[in-house]
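Visitor: Let me give you the structure first, and then I'll get to my questions.
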Amino acid sequence: MNGFAVIPSVTTTTTSGEPIAGDVARKQNLLELNREGLERFFENVLGEKRYRAHQVMKWIHHRYVSDFEQMTDVGKALRARLQACAEVRVPCVVFDKHSADGTHKWLLAMDTDSKNAIETVYIPDKGRGTLCVSSQIGCGLNCTFCSTATQGFNRNLTTAEIIGQVWVAARHLGNVPHQQRRLTNVVMMGMGEPLMNFDNVVRAMSVMRDDLGYGLSNKRVTLSTSGLVPMIDRLSTESDVSLAVSLHAPNDKLREQLVPLNKKYPIAELMASCERYLSVNRKRDSVTFEYTLMKGVNDKQEHAHELVKLMRQFDCAMQVKGAAKVNLIPFNPFPGTYYERSTEVDIRAFQKILLDAQILAMVRRTRGDDIDAACGQLKGQVVDRTRRQAEFRRTIEDRVGRDVAA
């Protein structure tokens with residue numbers, strides 16, 4: 001278990017993440033706070049100067065120390081007060097798996113009984129290391145090609161549980177911000193829809209980008225969404241991280257089958273919200289559109305030509321060539337799915353149509369599929385509050401029954 005103890009989660013912050021002054025009966029998890037929240041906690045609860053908060057924040061996020069007694073440049077009296085009213089509570093590592101290609105996956109327990117757990121994935125590459133972080137236990141959406149969707153939904157993760165994934169991974173990797181950086185990028189592409197957990201995700205991303213936290217630049221933190229249009233608009237006013245959109249289809253009819261959220265926010269509205277996002281965040285010059293290729297579903301040449309038209313319209317609206325970038329993702333199978341991965345020939349043919357039209361299109365190399373850590377394969381352990389798990393099991397049983405009868 002790597003020495004990470006699980007303690008029942010308690011809330012000692014307001015909905016905005018501010019510490020509740022004077023509430024020392026319950027310990028404040030300092031991972032729940034960004035720099036501003038930690039400064040307020042030290043001023044209002046501990047009666048200390050703000051620079052003390054900065055000292056502790058560095059101990060937590062630069063040196064991965066969770067025991068106040070080990071924070072040697074913090075006075076003994078202050079350490080004692082911190083022990084009485086605060087803690088650094090991190091997720092518990094249930095197991096970790098290594099892929100043959102270097103990918104690393106952790107199953108992290110969020111509750112004392114380990115019935116709820118999420119998955120976090122580290123993907124090393126030449127000159128970079130990317131951490132794929134989860135935002136929910138399960139997912140409230142029901143995308144038909146995603147393993148997480150089959151698990152149903154339990155709840156949103158807290159800020160501490162989100163940034164705790166980064167803490168666990170960075171500690172394991174021996175990451176040293178500003179020096180020996182093993183973790184160079186974070187993508188909010190794990191379990192869950194990040195924009196359905198807006199406040200906690202935005203607060204966690206602020207710690208990722210803070211020099212007292214993990215020191216990542218805005219462009220190295222990417223949020224991926226299935227297309228919650230109002231929340232994309234809100235994100236544009238509260239953060240300027242890189243934006244990725246799970247598109248997966250070039251027209252509404254097909255996208256509604258793959259991403260049911262499209263019935264509420266169709267492609268035209270989604271693309272308009274992406275235009276507004278770039279208009280507000282002038283530092284960002286592009287949006288990445290993710291497109292999972294499934295055999296015979298969305299990988300035909302006519303789909304590629306439709307996608308070209310959609311991407312060109314976006315570039316034209318932004319008056320920037322290359323404002324739309326396409327990330328082609330070969331489908332990663334999971335038990336019970338009826339989708340199949342497109343052939344390599346079809347994937348390359350699809351990409352060529354985009355490239356010939358001068359649309360930047362990359363094919364994402366599949367990583368970690370031997371440990372079910374590839375895109376779309378994460379599922380964790382979810383105590384489902386919906387009926388989706390049971391419905392998925394019945395679907396599989398019915399399919400197996402038909403196959404046996406045949």
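Residue numbering: from 1, along the chain as shown.
Quick reminder: no glycine exception, Cβ is built from N, Cα and C everywhere.
Annotation comment: Swiss-Prot describes Glu119 as active site, proton acceptor. Sequence annotations record features per position, and here Swiss-Prot assigns domain 'Radical SAM core' to 125-370 based on sequence analysis. Residues or ranges marked as disulfide bond by Swiss-Prot: Cys132-Cys375. What Swiss-Prot lists as [4Fe-4S] cluster binding site is Cys139, Cys143, Cys146, and the listing cites sequence analysis. Annotated S-adenosyl-L-methionine binding site per Swiss-Prot: Gly192, Glu193, Ser224, Ser246, Leu247, His248, Asn332, in sequence order.
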Visitor: Within 10 Å of Asn332 (S-adenosyl-L-methionine binding site) by C-alpha distance: pick out those among the recorded positions Glu119, Cys132, Cys139, Cys143, Cys146, and say none if nothing qualifies.
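Guide: Near Asn332 (S-adenosyl-L-methionine binding site), where near means Cα within 10 Å, the recorded positions are Cys146.
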Visitor: Please average pLDDT over the domain 'Radical SAM core' (125-370) for the predicted structure.
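Guide: Taking every residue of the domain 'Radical SAM core' (125-370) together, the mean pLDDT is 94.
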Visitor: Roughly how many Å separate the Cα of Gly192 (S-adenosyl-L-methionine binding site) from that of Cys143 ([4Fe-4S] cluster binding site), to the nearest whole number?
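Guide: So the alpha carbons of Gly192 (S-adenosyl-L-methionine binding site) and Cys143 ([4Fe-4S] cluster binding site) sit roughly 11 Å from each other.
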Visitor: Could you tell me the C-alpha distance between Leu247 (S-adenosyl-L-methionine binding site) and Cys132 (disulfide bond) in angstrom, no decimals?
Guide: 19
Visitor: Fill in the CA-CA distance, Ser224 (S-adenosyl-L-methionine binding site) to Cys132 (disulfide bond), as an integer in Å.
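Guide: Counting only the Cα atoms, the answer is 11 Å.
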Visitor: Please report how many Å separate the Cα atom of Cys132 (disulfide bond) from that of Cys143 ([4Fe-4S] cluster binding site), as a whole number.
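Guide: Cys132 (disulfide bond) and Cys143 ([4Fe-4S] cluster binding site) have their Cα atoms 19 Å apart.
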Visitor: Looking at the recorded positions listed here (Glu119, Cys139, Cys143), whose Cα lies nearest to that of His248 (S-adenosyl-L-methionine binding site)?
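Guide: Among Glu119, Cys139, Cys143, Cys143.
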Visitor: Determine, to the nearest whole angstrom, how far the Cα atom of Cys143 ([4Fe-4S] cluster binding site) is from the Cα atom of Ser246 (S-adenosyl-L-methionine binding site).
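Guide: Answer for this pair: 10 Å between alpha carbons.
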Visitor: Select the closest residue to Cys139 ([4Fe-4S] cluster binding site) from the following recorded positions, measuring between CA atoms: Glu119, Glu193, Ser246.
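Guide: Of the recorded positions Glu119, Glu193, Ser246, Glu193 has its Cα closest to that of Cys139 ([4Fe-4S] cluster binding site).
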